[in-house]
Ligand code: GLN
């Protein structure tokens, strides 16, 4: 069977089983397996080898179990990075790229050389993208999970020329970040923000494969914003800014939580679909 025929057959099996994005799943898995560009698959006329067919079949059966394509591959693309994954970290989302854009804009407005902290870094997506795209920044990344930090450190080695530009900290919110007290210019975070009762209703790709620690935001989904905005003020320089990813419809409430914590609201920024995805707050007194 040619690559083209194999991916079409796989796509129809996925479609019949009700798996979302069947064609993209089938094509991305096969093109990554063959080291080919997705658009070139249909020009590949040579048959797949036995090993390739077997490996592809194994991938498709995992996808039939609703395992996300990135977990099957073991990596995900994010901005200019290829991030390796593990079961302990959330798959970086396209939505979060707009949070990085909001952070980069704030950095540029502050003349570029900032001390940045990505709190709850997971795979390292936000911290590494900022280090990669704004080399003048001093980037710090923290996570409560030692396993996540191992993955993030590895991603720094795999993706950055000088991986030492990102400093990693094991910390439960501020506890563990005492060394940064009063020194942070920009705090970025994508905290867990799904309401606990909504977890069961998420797509199987998220519910069964992303770590609950990275998703569960408590009864109304906003617990981590309350804690984070109340507790991290001591890390921020006067005039420092905070850029937070928020779930659909949460921007207004998170801005209010920030104001109750004594911050000034700067604004909110949409993602590619037009949903407000990043909120921006500022510590008073610059
Ligand atoms: N964006 C994630 C989702 O798909 C949630 C991530 C988070 O809670 N920070 O549900």
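All residue numbers here begin at 1 and follow the chain in the order shown.
Even glycines carry a Cβ here, placed using N, Cα and C.
Per TrEMBL, S-adenosyl-L-methionine binding site is recorded for 120, 121, 122, 123, 124, 143, 190. Taken from TrEMBL, the feature substrate binding site applies to 190, 191, 192, 193. The feature domain 'Release factor glutamine methyltransferase N-terminal' is assigned by TrEMBL to 6-74. What TrEMBL lists as domain 'Methyltransferase small' is 113-198.
Shown here: features listed in TrEMBL, placed on the structure.
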| residue | record | DSSP (3 states) |
| --- | --- | --- |
| 120 | S-adenosyl-L-methionine binding site | coil |
| 143 | S-adenosyl-L-methionine binding site | strand |
| 190 | S-adenosyl-L-methionine binding site | coil |
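Checking the binding-site residues 124, 190, 192 against ligand 1 with a 6 Å cutoff on the Cβ atom leaves 190, 192, in sequence order. Summary: among the binding-site residues (120, 124), the fewest other C-beta atoms within 10 A of the C-beta are counted at 120. A straight line from the CA of residue 123 (S-adenosyl-L-methionine binding site) to the CA of residue 193 (substrate binding site) spans 17 Å.
The Cα of residue 193 (substrate binding site) lies closest to that of 120, out of the binding-site residues 120, 122, 143. Mean pLDDT for the domain 'Methyltransferase small' (113-198) in this predicted model: 95. Across the structure, residue 122 (S-adenosyl-L-methionine binding site) and residue 192 (substrate binding site) are spaced 11 Å apart at their Cα atoms. Across the binding-site residues listed here (122, 191, 192), the residue whose Cβ sits among the most other Cβ atoms within 10 Å is 122. Between the alpha carbons (Cα) of residue 191 (substrate binding site) and residue 121 (S-adenosyl-L-methionine binding site) lies a span of roughly 9 Å. For the recorded substrate site, residues 190, 191, 192, 193 set the reference point as the centre of their Cβ atoms, and the other residues of that chain within 8 Å of it by Cβ are 120, 189, 214, 215, 217, 224, 245, 247. In sequence order, 90, 96, 99, 120, 122, 126, 244, 245 are the residues near residue 190 (S-adenosyl-L-methionine binding site), counting only same-chain partners six or more apart with C-beta under 8 A.
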